[in-house]
Amino acid sequence: MTDTKKPLLNDTFIVIIFAAAILAMPIWLDPIGGNYPDLLQKFAIYGIFAIGFNILFGLTGYLSFGHAAFLGVGSYAAVWSFKLLTMNVIPAVIFGVLFAGILAAVIGFLSLRRSGIYFSILTLAFAQMSYNLAYSVLTPITNGETGLQLARSDPRILDHLFSDSQASAGLPSTDLFGETMSGYPGFYFCAVLLIICFYISMRIFRSPFGLMLKGIKSNQNRMKYTGLNTRPYMLTAFIISGMYAGLAGSLLAVTDPLAGAERMQWTASGEVVLMTILGGAGTLVGPMLGAGLIKYFENIFSAFDDNVLAQAFSFLPDSVVEFVVPVVGLFVGSGWHLTLGLLFMVIVIFLPGGLVEGFRRVVNYFRSGGNAKQQSVEAQNQAGE
Amino acid sequence: MGDLVLHLDNINKSFGGLSALSDVNLHVEEGTTHAIIGPNGAGKSTLLNVCIGRLKPDTGKVTFAGEVLTGRQPHEIAQLGVARVFQTPEIFQEMTLLENVMIPALSHRDGAFRLNATELLSKQGEVREEAEHILEDVGLKDMMMVEAASLSRGDKRRLELGMCLILRPRLLLLDEPTAGMARHDTNQTIELLKKIKSRGMTKVIIEHDMHVVFSLADKVSVLARGQIIAGGDPQSVREDPKVKEAYLGGTT
């Protein structure tokens with residue numbers, strides 16, 4: 001019983017810290033320019049997306065390249081719920097999760113017949129099929145390339161049932177029992193769901209079910225000859241992870257009620273892979289960190305232009321500034337992908353465990369004063385995280 | 001003792017025209033240790049692969065305790081109480097020894113699939129105790145928080161044996177459990193296997209090391225070129241001229 005020093009209390013502690021950090025984001029992101037509702041919502045939503053993706057990829061090692069399909073389905077289902085039923089976000093979220101779960105069951109059932117690269121290609125193929133369906137074939141449902149939007153003439157049965165005076169001008173906005181879901185309220189709604197999702201993911205990591213998924217990642221043959229049927233375990237993990245993506249998709253629609261086919265494109269699937277690996281696949285908080293970092297880069301770095309840079313480097317002599325600004329300029333503004341690419345390469349090469357492994361190494365270094373032996377022991381003790 | 005529990009009837013298996021097993025008949029008594037010996041390439045591992053469902057025989061069938069194993073999924077066969085130690089240890093390299101043994105322990109408790117995502121692993125006290133007990137049996141308890149990948153080859157085999165034992169199998173198939181071990185480790189493994197002999201499970205063991213075979217086996221079958229050429233108790237097999245010619249004379 002050497003590791004009983006990690007009891008339940010510790011996990012509760014992790015959730016409380018996580019919740020506090022998420023809910024306080026408007027405060028601590030303020031100095032680094034991350035405090036505006038739009039970006040905060042994206043942090044929370046893509047955090048959910050990445051945490052869900054990590055349940056599949058981090059635990060079982062099956063790399064899905066088609067998770068954007070579930071994100072898209074979640075969005076479409078949510079917008080339809082706004083159009084047909086009510087502007088309340090609760091049904092929208094429920095339908096988003098439900099439909100994504102159904103699609104995940106179908107795609108997972110077919111794709112999980114293969115493993116490794118074949119599984120990745122199958123999921124990619126299904127996602128691209130979904131994208132093309134949404135873009136052209138299913139235009140009556142998805143409104144094709146224009147994207148699905150709200151209209152004043154939408155039936156909204158439930159809303160009309162309970163209040164017959166719907167004469168207000170303009171489009172209605174999404175709400176949670178009267179509270180409009182844009183701006184900060186929208187962020188807090190997403191944040192609360194993110195915290196719940198984080199808690200569920202942690203419970204899965206800590207459960208016998210999670211242990212089995214890790215076993216599948218480690219040695220699927222041994223699992224079979226141990227008497228475990230790996231297929232239903234895999235499928236369940238795939239569906240859970242698809243439902244997370246559906247939730248994220250429906251939240252995108254909650255904060256901005258429209259859905260377009262581009263949300264299903266392979267770049268969106270690739271993005272969540274990047275987020276997870278950048279933060280640390282198989283770790284609890286890693287995917288959240290990765291999602292935050294990528295969305296931060298996307299929004300902040302891409303907004304930098306030469307004027308901002310010239311100001312930032314104004315302490316240097318003019319001749320140096322003239323040289324530095326164009327070079328650095330390549331990596332910000334529309335070139336922010338370049339920075340992201342470099343960062344990704346550095347992390348994959350030097351820190352295969354992602355940002356979380358980086359933090360762990362730093363912490364261990366300070367704790368043990370550079371004693372290598374103790375480091376490895378601690379790494380093992382924390383391996384469960 | 002005395003009841004036949006494992007039957008292999010008329011097993012044929014060939015790989016692309018090369019016959020690996022031809023018309024193999026083997027019957028194993030309950031509670032005994034049955035050794036299969038034979039030169040390299042005789043088809044010994046193929047025989048075990050047929051038993052656990054990794055390979056499908058071309059013809060013939062395998063029955064264990066009244067259940068036909070042929071055609072079943074590997075996990076179903078395992079759930080019927082058939083466990084196997086592989087020639088190269090099949091363990092969970094990236095996980096701790098405790099986790100390595102917890103997985104089969106949970107499989108034994110919960111069956112082939114159970115959606116227990118809401119339970120906490122840290123609350124599975126009984127399973128954990130059982131796992132620690134097994135690790136103690138195979139002499140690895142001190143290292144239970146160590147990653148399995150860092151074990152020596154001999155320890156990995158013992159871990160795998162522990163992973164099989166915690167399933168409480170009725171039939172244990174061992175594929176060269178002492179291959180590549182130093183003499184000291186081999187003797188330890190023999191002691192361990194003798195200890196579990198008393199638990200009344202049936203064992204089929206493939207072995208090159210005659211020292212191991214004669215200290216463990218109740219019955220020996222000799223496989224050469226895909227056929228059983230001799231069988232019986234160890235002493236009579238040792239003296240069989242056919243066996244000497246095919247195997248013992250050449251290698252020992």
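Cβ atoms here come from the backbone N, Cα and C positions, even for glycine.
Here TrEMBL flags A:12-31 (among others) as transmembrane segment.
Taken from TrEMBL, the feature transmembrane segment covers A:43-65 (among others).
For A:85-110 (among others), the entry in TrEMBL reads transmembrane segment.
Residues or ranges marked as transmembrane segment by TrEMBL: A:117-138 (among others).
What TrEMBL records for A:186-205 (among others) is transmembrane segment.
If one looks beyond the transmembrane segment (A:232-252) by at least 6 residues along the same chain, the residues whose Cβ comes under 8 Å of a Cβ in the stretch are 41, 44-46, 48-49, 51-56, 59-60, 62, 64, 67-68, 70-78, 92-93, 95-101, 103-105, 107-109, 111-112, 189-190, 193, 197, 204, 209, 212-213, 216, 259, 263, 272. The feature transmembrane segment is assigned by TrEMBL to A:232-252 (among others).
Positions annotated as transmembrane segment by TrEMBL: A:272-296 (among others).
If you look up TrEMBL, you'll see A:338-359 (among others) marked as transmembrane segment.
Beyond the ends of the transmembrane segment (A:338-359), by six or more residues, the same chain brings 274, 277-281, 283, 285-286, 289-290, 293-294, 297, 301, 330-332 to within a C-beta distance below 8 angstroms of the stretch. Residues 66, 69-71, 73-79, 122-123, 126, 130, 156-159, 172-177, 181, 189, 193, 234-235, 238-239, 241-243, 245-247, 249-251, 253-254 of the same chain sit 6 or more residues outside the transmembrane segment (A:85-110) yet have a Cβ under 8 Å from a Cβ within it. Panel annotation: around the transmembrane segment (A:186-205), residues 11, 14-15, 18-19, 22-23, 25-26, 37, 40-41, 44-45, 47-48, 51-52, 54-55, 59, 89, 93, 176, 180, 240, 244, 247, 251, 254-255, 284, 288, 384 of the same chain, lying at least six beyond its termini, place a Cβ under 8 Å from a Cβ of the stretch.
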